[in-house]
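Read through the structure below, which is laid out as structure tokens, and then see the notes.
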Amino acid sequence: QMTSATKVYYSQTTQTDSRPLIGSGLRRRRVMTKDGRSNVRMEHIADKRFLYLKDLWTTFIDMQWRYKLILFSATFAGTWFAFGVIWYLVAVVHGDLLEFDPPANHTPCVMQVHTLTGAFLFSLESQTTIGYGFRYISEECPLAIVLLITQLVLTTIMEIFITGTFLAKIARPKKRAETIKFSQNAVVAQHNGKTCLMIRVANMRKSLLIGCQVTGKLLQTHLTKEGESVRLNQVNVDFQVDTSSDSPFLILPLTFYHVVDDASPFRDMALRTGEGDFELVV
């Protein structure tokens, strides 16, 4: 049981706090936000946008929903219009427009496509496979048949890619992780005669988690023996749950303990006085 709880200490900074995070002379925000998102911005990288384009799958998955929906709508509308223009050019080249005054026995490449609007509607009907009615392709133009096959193949690949990114984004375990709640504060107190850093973890869903683990990273500045200042030194922080195994059964909220002893990275820090300049990511 926890006794003699001292000053709550979970981080020196918040997402909007400008106090130094990992050094007395630096003015930085926290490295990780409270909801687990990276608060680091990469700058001075050559061809940064090109690097994102080389990995389109991950770029589309990481894209925010509002931009994804806008891109989704714009992509479909754009392909409908682009192929509509191509179908209109086919009609122009073949002389199917009414202003060309085609003969009575003239067979157009696409029936009833005499304007750009009609070509756009035919492109939409072809790509969405809603079935031809008033407008349909004829056997007159092999080029039109090849164009129709090309449009259907390319747009099918595009639909598979976009739909796949939607499903992959929905199926990501990120939302499941949001139902694993950590205590707002970490507490330093005596537990079984030892000074411990304690946090509480709870699973909010009914579905059980088997084999879960809690690990921590201590982020702070570090001065090497050679005098080099490491601006973001990372040290492992081990947590345990009483005498249970490394894989606790998280059916109830559990308290995880880190013993502050001679082997702890907190051994030289004045946790009880609230002093120290570091960030603990759990």
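Just so it is clear, glycine is given a Cβ too, placed from its N, Cα and C backbone atoms.
Pulled from TrEMBL, these are the features on record:
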type	residues	note
DOMAIN	32-173	domain 'Potassium channel inwardly rectifying transmembrane'
DOMAIN	180-282	domain 'Inward rectifier potassium channel C-terminal'
TRANSMEM	69-90	transmembrane segment
TRANSMEM	143-168	transmembrane segment
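Long-range neighbours of the transmembrane segment (69-90) within the same chain, counting only residues 6 or more positions beyond its ends whose Cβ lies under 8 Å from a Cβ of the stretch, are 60, 63, 96, 109-110, 113, 115-116, 119-124, 126-127, 141, 143-144, 147, 151, 154-155, 158, 162, 166.
Per-residue confidence over the domain 'Inward rectifier potassium channel C-terminal' (180-282) averages 80 (mean pLDDT, predicted model). Helix, strand and coil content of the domain 'Inward rectifier potassium channel C-terminal' (180-282), in residues and according to DSSP, is 0 helix, 47 strand, 56 coil. Counting residue by residue with DSSP, the domain 'Potassium channel inwardly rectifying transmembrane' (32-173) contains 90 helix, 6 strand, 46 coil.
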